Amino acid sequence: MADITIGVVVFPGSNCDHDTMHAVASFEGVKPVMLWHGSHDLQGAKAIILPGGFSYGDYLRAGSIARFSPIMQEVVDAAGKGLPVLGICNGFQVLLESGLLDGALSRNRDKKFLCRDTYIRPVNSNTMFTGLYREDEVLSIPIAHGEGNYFAPPEVIESLEEHDQVVFRYTDREGHVSDEANPNGSVGNIAGIMNRNGNVLGLMPHPERASEKLLGSEDGRRLFASLFRQL
């Protein structure tokens with residue numbers, strides 16, 4: 001049986017593509033391939049990952065130029081047909097700019113770049129990305145971003161909550177949602193959301209940086225495992 005192909009998109013300025021490739025390659029029966037930003041070829045990928053970094057130098061606005069790349073034209077079209085797409089950090093920003101997810105990400109409330117471990121809780125374990133998590137567990141997964149402050153109009157937030165599209169929230173070590181546990185000011189402590197169809201997920205924390213013991217946490221590994229078992 002052939003390995004399942006997972007496409008990892010590479011933009012100019014991506015810097016987590018190799019980390020993501022390494023995490024994906026650690027799963028048996030899964031083969032990561034790099035998808036260059038200037039290509040229209042998804043290479044038969046059964047899922048797409050948009051990794052972290054600073055696509056196109058984050059000029060104008062994080063993710064705003066990447067949305068116009070040839071590869072994103074194909075990703076948007078494929079996502080509309082049900083292809084699973086995961087956006088991590090800058091990848092989340094690209095998903096928002098591309099219209100695959102609702103809302104926007106602005107500068108962190110303290111206007112500083114944040115790079116540290118943080119705690120998040122899966123608040124919806126009934127998705128293709130979170131099926132191996134429990135909703136009462138607390139995950140230790142690092143963040144590294146300057147524009148991670150998620151916001152959207154009240155009616156969008158209400159719709160996200162109503163349709164269980166909020167997937168992760170920032171919490172403290174005990175799993176309590178509070179302003180003190182919110183690293184960047186995101187409305188409702190939102191760390192990750194998905195689309196209405198459930199095949200597109202964006203989150204600011206980096207699961208690929210919490211995917212093996214050597215990194216200090218394996219809490220992010222089950223996100224990839226949850227996705228791959230659905231393919």
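In case you wondered, yes, glycine gets a Cβ from its N, Cα and C as well.
As recorded in Swiss-Prot, the features of this protein are as follows:
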DOMAIN    7-231  domain 'Glutamine amidotransferase type-1'
ACT_SITE  C89  active site, nucleophile
ACT_SITE  H206  active site
ACT_SITE  E208  active site
Query raised in the report: Over all shown protein chains, what is the count of other CB atoms within 10 A of the CB belonging to H206 (active site)?
Result: 25
Query raised in the report: Secondary structure at E208 (active site) (DSSP, helix/strand/coil)?
Result: helix
